[in-house]
Every structure is written in C-alpha cells, then in structure tokens.
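Worksheet for the structure shown next.
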Amino acid sequence: MKILVCITNVPDTTAKISFTDNDTKLNKNGIQYIIGPYDDYALARGVELKEQFGGAVTVLHVGGAEADPQIRKALAIGADDAIRVNCDPLDSYFVASQIAHIARENSYDLILMGRESIDFNSGVVHGLVGEMLGIPSYSPVMKLDIEGSTATIAREIDGGKETLSAPLPLVLGCQEPISEWKIPNMRGIMTARTKPLLVVEPVSVDDMTVPEKYSLPAPKGACKMIPASEAETLIKLLQTEAKVL
Amino acid sequence: MSVLIFVEIDNGTIKKTSLEAIAYGAKIAEKTGGNATVLALGAADATELEKAGFYGANRVLHASDAKLAHENSLAYADVLAQAAAKEDSKIIILAKSGLGDAVAARAAAKLKAGIVSGVTELPEINGAFTVTRSIYTGKAFATAEIKSDVKILVIKKNAIEVDESQLSTSTAIVEAFAAALRDSDFTATVGQVEKASSELSLTEADIIVSGGRGMKGPEHWQPLLDLASALGAATGCSKPVSDLDWRPHHEHIGQTGIKVAPNIYIACGISGAIQHLAGVNGSKCIVVINKDPEAPFFKAADYGIVGDVFEILPKLTQAAKNLK
Ligand SMILES: Cc1cc2nc3c(=O)[nH]c(=O)nc-3n(C[C@H](O)[C@H](O)[C@H](O)COP(=O)(O)OP(=O)(O)OC[C@H]3O[C@@H](n4cnc5c(N)ncnc54)[C@H](O)[C@@H]3O)c2cc1C
Ligand SMILES: Nc1ncnc2c1ncn2[C@@H]1O[C@H](COP(=O)(O)O)[C@@H](O)[C@H]1O
C-alpha cells in the first residue's frame, strides 16, 4: 500500500502569537514549531497501516526549509521518505494544487491529512485535493481500517458519528482517536538521517487569494467575580448587564 | 448575478447557522446589487424553505432528489457547482461546519474559486474584495484579498448579527432544481449512523454548559444537565472527560475537539488549559465556576464564581427557572 501523509509545520498550541513588519508577518521569535497535531494522528495511522500491509509511507510538506526538522521527525516516527515542495504557500488552493500534482505523479492508495491545520484552521485542503484528483474525500475521520481495496471509516457528523465503506483511493482528514501519537525512538532518529528528503519546486498556480495583513483580537476585559454565596445573581447579570440571555 | 447561499437542512428545516449565512449573503447581495439565492438539498418542506425570505433571500433552489437525503459532501458540491454555473453566481456563502467546509472545498476546485474558511465579518467590497477570518485557533485574524472570479466564503457563527425582531416579512420563492447526479459521488456505502437527534447541536447552540474533571465522575453530571435544561443549553465537556468516557466523544470541546461560539459558555470544573480555550474563544460571554481562584480559565472569563460546582449549579438552575 502506498500512503501519502501531508503534514503542516505550525506554531506549538501554547505559542503566543504576534506580528511584525507592519502586521504582515508572523513574529517567529521564541516560537516552537511542531507537526500539526491532527497531521500527527494521520501519520501515526499511516505508519500502522504500512506495518500491517507493507508498502511505504511518504510524508509531504508544502513550505520552506524551516520545516525540515519536523519532516525528519516524521521520518523518525516511521515514514519511509519525504517530499518538500519548496515555497511560501499563499493559500489552501495553492497548497492543494501542489499536493494534487505530487499525487498525480505517484498514485497513492491513501492520502492522509489532518482534519485541519492549527495555523489557518481551514479544514479544506483534503476536499480540494480530493476534487482535484477526482476521488472521494472524507473528514473528520476517527477510525480507519482497510480490507483489500476498501476502507471502512468512522467519521464525526454533527452531533454524532457515521460509519461508511468506500473503495480506495481516498483522501482523508484525520483526528483522534484514529490512533495514538507516536514518539520517535533512538533507532528511528538514527535511520531518519539517511532517509531520502526530496525537495522540489512548486508548479505554478493562479493567485486565488492574497494575504494583506494580520491583527490580534481586542484584549479581554477583566473578569467580574461573583461571590459564591450570591451565585444566583449571575443569571440576572447575564440578562441585564451582558445582555446575552 | 446572484449571491448563492448553500444551506444545511436538519429534520426538514434550515439550520440556524445556515440562516445566518443567508442573512450574510443577502447583505452582500444588497451591496453588490444582485439577488440572494439559496440552495437547499434533500428533504424539506416548501413552507420551511420559504422562511429563507425572512433572512433576505429572494429565491430558494430546492434539489429534492431522494439520493440527496443523506449528507454527501461529494454530491452536494457537485450540485452547488451546477447551481452556481446556472445562476452565474460569483459569490458563494456557506456556514462553517464539517459539511460546509467539505462542500465548499470540493466546489472551489470545480469552479476554480478562491476559498476562505473561518470568515468572521462581512467582506469589504470597493474595487478589491477583502475578507477577514480567524486564524491560529482564535488567537489572531488574517485579512486577505480574494482575486479569483468566483469567490467562496465559509463563515463562522456570529460573523453577522441577526436581529430576530427585525426580520423581513416576505417569504422566498421556492423552485425545484433538477441536478444531474454522478454515480462517482455515491461509491461509499453508508453503514451505521449514530445521531442523538433530540440533542441540541454544540455548533448551533446559543448557550453551552460544559463540564471538566472537576465534575468528579459521570454519576455527578445531573446538576449540570439540570442547568442546561433550565437554560435550553447544549452540553459539552473537556477532553479528559470524554477520554475517560464520562461523556460521549462528540461533546469534547477544544483544539482537538469541537470549536464552539455560543453567546454564553458556562465552564464547570474546567481548569482552562490553552487547548481547551482554543475551542471556546469565539464565545461572546464566558462564565467560569471553579473552586480554585488561580484556575487559568478565569483570565479568559467575563464572569467568575470561585466555589464548589455542586453547591453553585443548583442555585443557578433555580435562578434560571425563576426567569421563566
Ligand atoms: C495536544 C493537546 C491537545 C489537547 N486538546 C484538548 C482539547 O481539545 N480539549 C480539552 O479540553 N483539552 C485538551 N487537551 C488537554 C488539556 O491540556 C487539559 O489537560 C484539559 O483541558 C484539562 O481538563 P479539565 O480542565 O477538565 O481537568 P483538570 O485540568 O484536571 O481541571 C479540573 C478543574 O476542576 C476544578 N475543580 C475540581 N473540583 C471542583 C469542584 N468541586 N468545584 C469546582 N471546581 C472544581 C479544579 O480546580 C481544576 O481547575 C489537550 C492536550 C494536548 C497536549
Ligand atoms: N503546507 C502544507 N503542506 C502539507 N500539508 C498541508 C499543508 N497545509 C495543509 N496541509 C494538510 O491539509 C490538512 C488541512 O489543512 P487546512 O485545510 O489548512 O486546515 C492539514 O491537516 C494537512 O494535513
């Protein structure tokens, strides 16, 4: 089975976000980068499926060289090789076009992604790639099993879940509890150093959206404390003061 | 030219977040001088669909093919692209949800449209078409210009203020839409569907009462459920609570769970870890009840009560009942 896992390189969840260059660039100072947490689930399940059925896992990242440590980490976790499309991606359409291009050249049985990236939180790259390749896409997938050329998945729907089975190839956006995050072991880290990381240039795509500027939310006002002995007054305050009830 | 609004149907009626999308699309149509047309798929009563007019829509295209009754993002995107082509729509609006994002994405690839998901306010249209959306899980906003001819916006809850007392009184005209369905969109076999149909959905709810590990165990949830029912609220929980199976997984709120944006979020015995806050920072008003005055959640709260949830919840429930 040939599996492609698409990973993002994103600021750690606890990172404090601020901007520089007249609010046009993220201030990367002091920010620790990680593999997107949902992508990490996709990677873990991809590696498990490879161990079960044989084949190979390729990790793909669309972005600059600053992601290389995270790509190496994915290799240490168990991916066999990696591709990085060297660019500074503008938007989801651009990213999806690059992923679709790589996928067309290599025909994978499964393309696993995270349910969403935690920087742009769009949750659209899997759908875009699926349509660009003319194959189904499903998200968020919480359970994935393969039998022959059919995938059985459980996915979250509004207020519940649904199971469905569909023929491969598929594009899937993953989330827990599809698998448990894997931590690289010493042997993995050693072998990752020599696994191939292919760097390719992007294919050209029309500009769909162009970023202009970033901003931060207005600072939160102070929290109004209500003594526990007068807890019931909260309901009145929500009605008359906050006017949300 | 029309603004096309894709709506989600639940039990034959238009979902609340989709009604917001209609109001949002109608505002853009007003600015750009076009019609606001709604696309509804699956089983729905014409009398329900007409109500799109109250939110500013002129027409509703209804594709009622029985094959569309079950949620299918592949087929829905196909029908959306067909409707957009037929109506010559250059602006397409959807409400953010798992389904909304999936339909929007696939339609964007079909229509070669720029897509922006997580939009938080109306676009600016003066020559350039710029939109602002939420990024870094609510920690910041990004403004971008959409350059493509066709533009798809997936809007977050509360991207527009809808005043229910100021709605239009005219209904929309409902027309049948004959969509061409492709077999390739129906290759999946749907198995089990587990849906708590009576429950209020978290993404739609105006009020959410949510519990953390401070609730001590599943057998202690009743006081929380009582407050939720007195307020007409949906219920949520923190990640450890669903990991421990105290509550179902689909109630788990946060960075790795559902992101919610209610008017009121009441957190009971939740410490306020950053991963939890990532799922609730779109809320209008946050209330925190925690026995530890140092709990980080208070920093993100509008109202706080330091105390034991089991003493405070019944008091709130009583006060909520007294309101009615
Ligand atoms: C990558 C990653 C992703 C994560 N994603 C999520 C996510 O999506 N959602 C999420 O929720 N968490 C997530 N977490 C976990 C998160 O970091 C916290 O561990 C979790 O939110 C804590 O849950 P809690 O507040 O219920 O429990 P605790 O941290 O144990 O807090 C319990 C609170 O209850 C209070 N309390 C106890 N008894 C009472 C009482 N009788 N009355 C009043 N208050 C009481 C305590 O003072 C305490 O503040 C994630 C973690 C990681 C590493
Ligand atoms: N720059 C990128 N490189 C590789 N994969 C990506 C990139 N951006 C997004 N993805 C994948 O698409 C998923 C959804 O991203 P998004 O639509 O941005 O929320 C992510 O979880 C990744 O798996």
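Each Cβ is built from the backbone N, Cα and C atoms, and glycine gets one as well.
Less than 8 angstroms from the CB of B:I274 (FAD binding site) sit B:Q255, each of them six or more residues away in the same chain. Annotated FAD binding site per TrEMBL: B:R213, B:G269, B:I270, B:S271, B:G272, B:A273, B:I274, B:Q275, B:H276, B:N290, in sequence order.
According to TrEMBL, the domain 'Electron transfer flavoprotein alpha/beta-subunit N-terminal' annotation covers B:3-190. Confidence in the domain 'Electron transfer flavoprotein alpha/beta-subunit N-terminal' (B:3-190), given as mean pLDDT, stands at 94.
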Return the maximum Cα to Cα distance in Å (whole number) over the record's FAD-binding residues: B:R213, B:G269, B:I270, B:S271, B:G272, B:A273, B:I274, B:Q275, B:H276, B:N290.
18
Which of the binding-site residues B:R213, B:I270, B:G272, B:I274, B:H276 have a Cβ lying under 8 Å from any Cβ of chain A?
B:I274
Under DSSP, is B:R213 (FAD binding site) helix, strand or coil?
helix
State which of the following binding-site residues has the fewest other Cβ atoms within 10 Å around its Cβ: B:R213, B:H276.
B:R213
